[in-house]
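According to TrEMBL, the feature domain 'UspA' maps to A:5-143.
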Amino acid sequence: MKKLTRILVPVDASEGAERAVDFAVSLAEPTGAVLDILHVSYFDKDTDAEEESWLPEAIAGSVGAMEKEALERARKHVPPSVTAEYHRRTGIPADEILRFAQEEQTGLIVVGCRGLGFMKGLLLGSVSQEIVERAEVSVAVAR
Amino acid sequence: MKNILVPVDGSEGSDRAVAQAIALAEACEAKLNFLYVANINQLAINACLSDAILEAVTKAGNVILDRAMQMVPSDVEKEAFSETGSPAVVILDFAASNDMDLIVMGSRGLGVVKGVLLGSVSQYIVEQSKCPVLVVK
């Protein structure tokens with residue numbers, strides 16, 4: 001197995017995502033791996049905008065706030081001993097997460113269980129489920 | 001992280017899981033617990049399985065466990081366990097009753113359906129486990 005150097009942790013502002021960050025930290029500390037913490041928004045104020053954003057500030061603004069909250073909540077769970085980089089992308093979450101993993105040579109993706117989606121009934125969120133199935137790299141599901 | 005559970009079935013995916021678990025155990029100074037589950041129902045054992053069949057199944061399991069154990073460097077603590085029953089259920093019971101901190105397993109085992117991306121045992125464990133699960137690709 002290749003040495004673990006980069007761990008990707010997709011986050012939203014949820015408890016599941018915080019547990020994923022905690023678990024990723026517990027792997028990064030002994031291995032010295034760097035965390036890539038990623039938030040994916042479905043759209044932002046530039047989506048479909050040719051010159052000017054047509055999305056009202058009430059909508060585009062709240063997407064920006066969600067992104068900020070997700071990354072802030074994640075940041076609070078990363079101790080100074082662990083190096084983390086924060087990233088944001090726009091698109092379909094599972095697609096963007098897998099694309100990021102491929103581009104950035106991620107060694108492991110750590111996902112939360114429930115949280116990255118709104119179907120509370122599922123034990124594993126739909127995004128996490130899709131990532132476990134489709135990822136070409138190893139995936140850890142935190143609890 | 002003190003205890004890592006690695007269910008093994010001798011498949012290629014399970015070999016990759018063993019390799020990854022070893023790397024993690026070395027980094028975290030954790031103990032590796034290999035578990036082989038012979039997929040036989042206890043009732044069937046009592047009712048009609050002959051000793052010869054049971055012995056053959058046990059032997060097959062031991063070969064798989066020995067191979068995993070031999071891959072582990074001497075400075076990493078390790079132990080092998082053998083159980084019978086429905087693999088997914090037995091693996092989760094074992095993890096819960098032995099305080100495992102992480103389950104490391106392949107994405108597909110010996111299942112017959114080649115097309116599926118995640119095997120039924122892995123799927124069940126990813127969904128139901130109380131501890132984190134690492135699915136090795």
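Just so you know, glycine gets a Cβ as well, placed from its N, Cα and C.
Model confidence over the domain 'UspA' (A:5-143) stands at 88, taken as the mean pLDDT rounded to a whole number. Helix, strand and coil counts from DSSP across the domain 'UspA' (A:5-143) read 56 helix, 28 strand, 55 coil.
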